[in-house]
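As recorded in Swiss-Prot:
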- HIS224: active site (ACT_SITE)
- LYS226: active site (ACT_SITE)
- ASP231: active site (ACT_SITE)
- HIS404: active site (ACT_SITE)
- LYS406: active site (ACT_SITE)
- ASP411: active site (ACT_SITE)
- 219-246: domain 'PLD phosphodiesterase 1' (DOMAIN)
- 399-426: domain 'PLD phosphodiesterase 2' (DOMAIN)
- 3-23: transmembrane segment (TRANSMEM)
- 38-58: transmembrane segment (TRANSMEM)
Amino acid sequence: MTTFYTVISWLSVFGYWLLIAGVTLRILMKRRAVPSAMAWLLVIYILPLVGIIAYLSFGELHLGKRRAERAKAMWPSTARWLSELKDCQHIFASSNSEVATPLFQLCERRQGISGVKGNQLQLLTTTDDTLKALVRDIELARHNIEMVFYIWQPGGLVDQVAESLMAAARRGVHCRLMLDSAGSQQFFRTPYPAMMRNAGIEVVEALKVNVFRVFLRRMDLRQHRKVVLIDNYVAYTGSMNMVDPRFFKQDAGVGQWIDMMARMEGPVATTIGIVYACDWEIETGKRILPPPPDTHIMPFEEESGHTIQVIASGPGFPEEMIHQALLTAVYAARKQLIMTTPYLVPSDDLLHAICTAAQRGVDVSIIVPRDNDSMMVRWASRAFFSELLDAGVKIYQFEGGLLHSKSVLVDGQLSLVGTVNLDMRSLWLNFEITLVIDDDGFGADLAQVQDDYIARSVLLDGEQWNKRPLWHRVTERLFYFFSPFL
C-alpha cells in the first residue's frame, strides 16, 4: 500500500510539472508581445494553479468551435460580396490627403477596399441629440433596422428608442438587435426582450456568458461594437452604449458618461452593413448579406461629401488591424495629435509611437477622465503618465464626468472615431469598429469638441506628478504588471 501511495505521489508531482511545462511551452510558442508573455509566465510560476486556470480561460483568443466554423464558412460569400462591391469603382476615393494616405493605403491592402466617398456625416456629442435623432430615423425606416450594442440599459430616452423600434417592427420593418451577453445582462433580466420579440424584433444575446464553457471560449471576448444601420443607407457608430447617462451607473461616483456618435448617410452604410452581417452570421448562423449600395452619387454629394473608411476588428477580421491603424495614424502626425480615451493602457508599440511623436515636435495631447469606473484601469493608466510627461505629452484629466469618447485627430485633417479604447482588450481582442475620416471640415468639428473637453479638464503638471506619494507609485507599478491582461 505504501508503494501505491508513493507511485501516486510521484505521478502527481510529475503531472503537475508536466502541466506547467506544457502551458509554458504553449505561451512561448504563441507569437505575442513580450510583456504579455512574461506576465503570464510570472503568474503561472508564482500562483501555478490560479495561473494555469486563468491562462486556459483567458490567455488565448478562441471563439469556440461552432462560431469558428461559422466564421470560416461565411468567408467565401463575404469575399464574393466584397469583390462585387469593388466593381463599383466610382464610389471609392481615388486620392487622399497627405496625412491620411498611409492609413488609407493600409486599410485598402488589408481589408480589400478603399475609402468610400460621397457621404454626409454629422458628429453628435450629447446623448439627447443622439437618441432623438435615432428615434426620428427609426420612425422613417421602411425596410430594415439592424443594431448592435455592448450595453442596453432601459430608462429615460432609451425607452423611447425601444418603443419606436417595436413600432417599426409592427409596421413591417425587419428589425434585428444583437446585444453583448455580459454588457447587457441587466437588460436580459427585464421584460424588454420578451416584449421586443413579441413585436417581431429578432433579439440575440451575443457571446453568452456560461461558466460551464469557460475553457471552450474566452469569456472576456466581448461584442463591443455600437452600430445602428437603417435601410442600408443611414448608419450610426461611436462610443455611446444604448443608455441614458441620467439613469446609468449613478452610484459609481464618476458622474454622467460623456460620449460621441457619428451619423452617416450614403454608400459607406453598406460597408458597415457587411460588418454587421458577419457578426450576425457568426452568432446565429444566418446569412444576411446587405444589398449593393446606391452607386449614383450626385455631383453636389461628391463635392460636399466625406470620404470614410470603416475598420472592423475581432475574430474573423484582419488581425491587429485596429492596432496597426492607430500606429500608422500616430506616425503620420506632423503638427498636432489629440487623443481621447476613457481607458489608457496602451501597448508598448503604441506608447513609444506617441512618445516619439511628441519628441519630434508634434503637439500631442491626451484627454482622459479624472475618475474612472474601473479601479484596475485607473491605477494601470497612471503607470504610463511619467513616461508620457517626460516625452512632452500633455495629459488632460477631464472633470465633467466619465469621458467615454474615443477619438483621434491628426493635424486637423485625419479623424478616427469609434468604439476602440486605448487598452489591450480593444486593440487585440474585442469586436470593435472605427471610422477613419479624411476631411478637414469634420476635423474642425471634432477639434471643437476636443477643445471643449480640454476646457473642462485640468492639465497634469509634471513636477506635481513626481511628488505623488510612494504608495501611489507602488500601486501603479503593481497594476502596471497586470496591464497586458486589461
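Any Cβ shown, glycine's included, is placed from N, Cα and C.
Bear in mind that the values here come from a model prediction, so they are computed numbers and not experimental data.
Structure with Swiss-Prot features highlighted.
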residue	record	Cβ within 10 Å
HIS224	active site	25
LYS226	active site	23
ASP231	active site	15
HIS404	active site	23
LYS406	active site	24
ASP411	active site	20
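The CA atom of ASP411 (active site) is located 27 Å away from the CA atom of LYS226 (active site). Secondary structure of the domain 'PLD phosphodiesterase 2' (399-426), assigned with DSSP and counted as helix (H, G, I), strand (E, B) and coil, comes to 3 helix, 12 strand, 13 coil. HIS404 (active site) sits 28 Å from ASP231 (active site), taking the CA atoms of both as reference points. Here the Cα atom of LYS226 (active site) is found 12 Å from that of LYS406 (active site). Residue counts for the domain 'PLD phosphodiesterase 1' (219-246) under DSSP, split into helix (H, G, I), strand (E, B) and coil, are 0 helix, 11 strand, 17 coil.
HIS224 (active site) is 23 Å away from ASP231 (active site) when you measure Cα to Cα. A distance of 13 Å separates the Cα atom of HIS224 (active site) from that of LYS406 (active site).
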